[in-house]
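Here the structure comes first, spelled out in structure tokens, and everything after it is commentary.
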Amino acid sequence: MSQDLQKEVASRKTFAIISHPDAGKTTITEQLLLFGGVIRSAGTVKGKKSGKFATSDWMEIEKQRGISVTSSVMQFDYNGSRINILDTPGHSDFSEDTYRTLMAVDSAVMVIDAAKGIEAQTLKLFKVCRMRGIPIFTFINKMDRQGKMPLELLAELEEVLGIESYPMNWPIGMGKELAGLYDRYHRVIEQYRSEEDERFLPLGEDGDLKEAHAIQKSLYYDQALEEIMLLDEAGNDFSRERIIAGEQTPVFFGSALTNFGVETFLRTFVDFAPAPSSHESNEGVIEADNPKFSGFIFKIQANMNPAHRDRIAFIRICSGEFERGMNVTLTRTGKSLKLANSTQFMADDRETVNRAVAGDIIGLYDTGNYQIGDTITNGSKKLEFEKLPQFTPELFMRVYAKNVMKQKHFHKGVEQLVQEGAIQLFKTWRTEEYIIGAVGQLQFEVFEHRMRGEYNSEIRMEPIGKKIARWVKEEDADEKLSTARSMLVKDRFDQPLFLFENEFAINWFNDKNPDIELTSLL
């Protein structure tokens, strides 16, 4: 790989934004896009009433509800870096999509509501990042409202998440009393709601302002200085190495809604966020600077443009250089493909991409060739990157087309939406009736909404009373083993499994069939 290409790869910053719903993830995403010059104004998302929708929330149901249920991909340039943001679903029912997205990034930005601290979904997603060793940058949001005390939030970060924290800035007051941010890294105080030429006030060597200023009269100014002194003396030492290893999280305070502290965060993040990292494969570690092109499909999205009924496969480029029109091998099938139709995204806006490098996320128009987890490369034809996570569903519904004359629409819709991985498909063993499985109820609602809106197919769903899926070997697939509390079905790859009513039904099955091994997904 040439030095120019190495430099280009090193400039990539590919990260996901993770949070509990309503922590402000979408708002901060919009502010980042604002600084990247991609949009001219940021609108806040609160669903139907406002009529304003976030740039990253492009699907109709997201606009209606004000939540993210799919992962959007956005790209822009900032201070010499190419930024690739993946805005993940905030709703826990779509955690599988989020987990797959986290396989495609090099770092994560964790957004926390200052009033609520660490919430359930935040904790789940943090654990995945930690498990993968992904560096985590923390943005404590909504400082323009009353919330928990900053020292309390730091203690919660360290105790609940078990990670070292290092505050890069520190709030001077909060809520109505918010006066500014003490920036430990840039050695300035950033004033809240100030004129541009007075926004940043330089600090002296003693840690106080170089020149007297009205902000020093704030009730919370002296308190902030005392807390900074405490952090300097008793807090963690700053360590770039520990940040990159995912063992220390830099903490930024601010308000995405009022756009306070966001650009400072972005500027600092670009300095410290890692460049594209290596990826594990069946042929060893593939480094980003490997000259051979390779990448994996982490997401498939149908109907991003409903007028065209298209399907886009999102690929994380792991190594080398992509050029439009290049030939690659889809290693799962051994099939040779020409990558003639490729695109980059800003939510639902797209443009043709002619080249991209390791770290970039691109979309490939898919006519049915790809599956989530596929590897494509112009190198070794046997290369496969590590498997992407797949969750065992916990809710199951039989699904039918209400109008038997529209079976074609029904089957096409089910098949395409299942291929996206947001819902799983099973079929009854002999009659092959459709059963869909999900992690949470919202997935069924989104499925029904999209079937009606995108495929003109009204559906009927009926609970089947089964909640646990366990796979078996093909030689153990005997329909005679089904009972009132268990039923034999097959997944979309024709692998056999039993759906059980509860743990008691599983234990009963195991007692009766001790030689049959039951396995689950994640």
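Keep in mind that glycine also has a Cβ here, set from the backbone N, Cα and C atoms.
Per Swiss-Prot, the features are:
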BINDING   19-26, 87-91, 141-144  GTP binding site
DOMAIN    10-277  domain 'tr-type G'
Binding-site residues compared (Ser19, Thr88) - highest count of Cβ atoms within 10 Å: Thr88
Residues satisfying Cβ distance under 8 Å from Met143 (GTP binding site), sequence separation of at least 6: Ala114, Pro171, Met174, Gly175, Leu178, Phe253, Gly254, Ser255, Phe260, Gly261
For Lys25 (GTP binding site), the three-state class that DSSP assigns: helix
Binding-site residues compared (Asp22, Lys25) - highest count of Cβ atoms within 10 Å: Lys25
Overall pLDDT for the domain 'tr-type G' (10-277), taken as the rounded mean: 86
